[in-house]
């Protein structure tokens with residue numbers, strides 16, 4: 001009898017342990033903290049909450065968070081740093097569906113780009129790693145990250161339904177030697193929203209090379225090349241459509257707002273609105289549309305292979321430096337049309353003598 005009772009008790013305890021094991025395993029996977037890049041790479045895809053605690057990413061390696069579990073939350077905690085090596089990067093790569101990316105209070109991502117900066121950016125000198133690959137990061141959110149001193153380009157975005165809010169990219173230390181430190185480069189993407197970005201850099205605050213339904217709003221851009229569409233043309237995807245860039249400030253930058261298309265290329269830029277943009281301390285062009293871009297430089301001869309149609313410039317105000325040009329429109333024959341132009345009031349600087357094929361209603 002005692003033997004039977006003991007056997008029953010043992011069996012019951014064993015059954016309880018077997019039942020508890022999967023639950024414990026699930027608990028372990030629901031929230032994970034990683035302190036190394038290798039551990040995060042091998043384990044993050046199993047976790048619903050991924051905490052990255054003061055990770056020191058080894059030189060030449062990517063903090064690889066691709067293939068995250070659907071609905072996962074990623075939290076940067078402490079200071080994330082990266083070892084030095086000349087390579088193309090990216091320093092961080094992330095993909096998944098319905099992902100939320102944020103940081104704990106006081107956290108920062110410190111790229112220490114000064115180790116690579118040599119005034120040449122991605123045009124020579126040291127090979128520099130790009131910062132963050134957000135490719136196939138769909139139906140997701142990136143919130144409140146504080147990023148310092150990217151070696152070259154910041155976010156490379158090829159995703160659908162991605163919202164980036166209240167992100168700071170501070171490359172102000174790169175004023176003398178930083179170059180090509182674009183904050184947000186967008187290509188082949190749909191329904192991208194960037195809201196409340198604060199950017200100090202040495203290239204485009206945003207550059208939209210292709211994509212549809214893209215919004216940039218409530219931004220502050222300092223030190224770079226302004227708010228840009230393009231360059232468009234010469235890629236596999238050369239369509240920009242349904243873009244709104246609004247309620248933003250561009251200060252101490254080369255350009256204010258810009259559309260640039262590639263010389264002799266084909267493509268289209270349609271349904272684009274620049275609205276409520278305030279400029280100050282602009283050193284080259286307050287507003288520029290140029291269809292003569294070749295190998296990174298203007299030729300002075302625009303071509304008409306890229307349509308720039310249904311464009312709105314509304315309430316673009318502020319000032320440019322005395323040596324700068326207020327507005328420059330250099331369009332190919334017949335390629336710029338159906339523009340809406342109202343409340344464009346840029347002061348200082350000089351009037352352009354190079355405008356060509358200015359569409360009806362616009363003023364150069």
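Positions of Cβ are set from backbone N, Cα and C atoms, glycine also.
Features of the protein shown, as given by Swiss-Prot:
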type	residues	note
ACT_SITE	203	active site, proton donor
ACT_SITE	225	active site
CARBOHYD	138	N-linked glycosylation site
REPEAT	189-210	repeat 'PbH1 2'
REPEAT	303-348	repeat 'PbH1 6'
Seminar exercise, completed: Model confidence for the repeat 'PbH1 2' (189-210), as mean pLDDT, reads 99
Exercise. Rounded to a whole number, how many Å is the Cα of the residue listed as 'active site' away from the Cα of the residue listed as 'N-linked glycosylation site'?
Worked result: 28
Seminar exercise, completed: Its residues classified by DSSP, the repeat 'PbH1 6' (303-348) shows 0 helix, 31 strand, 15 coil
Problem set entry | Secondary structure content, the repeat 'PbH1 2' (189-210) (per DSSP, counts of residues) | 0 helix, 14 strand, 8 coil
For this session: Could you tell me which three-state DSSP class the residue listed as 'N-linked glycosylation site' falls into?
Result: strand
Exercise. If you count Cβ atoms within 10 Å of the Cβ of residue 138 (N-linked glycosylation site), leaving out that atom itself, what do you get?
Worked result: 19
Exercise. In DSSP terms, helix, strand or coil for residue 225 (active site)?
Worked result: coil
